[in-house]
Amino acid sequence: MLAKYSSTRDMLDADGDTTMSLHSQASATSQRPELGHTEHQRPSSAWRPVALILLTLCLVLLIGLAALGLVFFQFYQLSNTQQDSILQKEEKLGNLSRQLQSLRTQNRKLAETLHHVAEKLCRELYNKTGEHRCSPCPEKWKWHGDKCYQFYKESKSWQGCEYFCIAENSTMLKINTQEVLEFAMPQSYSEFFYSYWTGLSRNSSGKAWLWMDGTPYSSELFDVMIDLTSLRSRDCVTILNGKAFSKDCRELRRCACEKAAAMVKVQSLHEPLSRRWR
């Protein structure tokens, strides 16, 4: 009986072991998926902080881009405003420049008109008295047209008169227009036969007559009476009693000089004569 019990216990033990072994296997089998699920969930929980950080960085980047866009927009508006302001200022400057140019033109025209009126008035006063404080010429010089003339009593050679006129800041007389001819020839009348050198000369009898500035002589204005009694290397022209004569340049004759007249100034019409020649 003991042997039967022992065999039965052994069988129970064997069955128990078998049962326990099966239970253990079942338990182990049922627990494996839980372990796998746990291992599968661990990486997800580890990426959460990283994802949060990346999301935060993205938000910061978006905010930065938005701020940068706002700054760029403000700068763009400011640039457009400044550009409009510059264009407006340039337009105003252009208008002012045109107005200034117009005023300068008007001022120049007024100055020219004033000069013509003053010159006309001064010339009328000068023609009445022969000399007036408004005259644009130096003292004792004759005003005619736009030139001042002086007929000196000193007698010199032609070259001597050239140097004399240069010393007076002038040149020798030049008769190149009918108006000057009608003015200069009456000045040459003299009861003592004093003639005046002009700036007309030529190197030899075959050469053309030239004025000192190189312009040619016009025979349509006046004729030059040639002296054929002697041969000379250089001929110079004098005027006497309304006629022109060819003479030896070394002869002594009076000097006739001319210079450009100064502009008639309005204030000179009100200055005393004695004050003008100080």
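In case you wondered, yes, glycine gets a Cβ from its N, Cα and C as well.
Sequence annotations record features per position, and here Swiss-Prot assigns compositional bias 'Polar residues' to 18-32.
Per Swiss-Prot, the feature disulfide bond maps to CYS165-CYS257 (among others). Taking Cβ-Cβ distances under 8 Å and a sequence separation of 6 or more, the neighbours of CYS165 (disulfide bond) in its chain are THR171, MET172, CYS255, CYS257, GLU258.
The disulfide bond annotation in Swiss-Prot covers CYS236-CYS249 (among others). On its own chain, CYS249 (disulfide bond) has SER157, TRP158, GLN159, SER201, ARG232, ARG234, ASP235, CYS236 as residues at least 6 apart in sequence with a Cβ closer than 8 Å to its own Cβ.
ASN95 (N-linked glycosylation site) is surrounded by 10 other CB atoms, counting those within 10 A of its CB over all protein chains shown. DSSP assigns ASN95 (N-linked glycosylation site) to a helix. The feature N-linked glycosylation site is assigned by Swiss-Prot to ASN95 (among others).
Annotation source Swiss-Prot lists N-linked glycosylation site at ASN169 (among others), citing sequence analysis. Summarising the environment of ASN169 (N-linked glycosylation site), the number of other Cβ atoms within 10 Å of its Cβ, over all protein chains shown, is 10. Under DSSP, ASN169 (N-linked glycosylation site) is assigned to coil, being neither helix nor strand in the three-state scheme.
If you look up Swiss-Prot, you'll see 1-42 marked as region 'Disordered'.
The feature topological domain 'Cytoplasmic' is assigned by Swiss-Prot to 1-52.
Per Swiss-Prot, the feature topological domain 'Extracellular' maps to 74-278; the stated evidence is sequence analysis.
Distance from the CA of ASN95 (N-linked glycosylation site) to the CA of ASN169 (N-linked glycosylation site) is 46 Å.
In the three-state DSSP assignment, the secondary structure recorded for CYS249 (disulfide bond) is coil.
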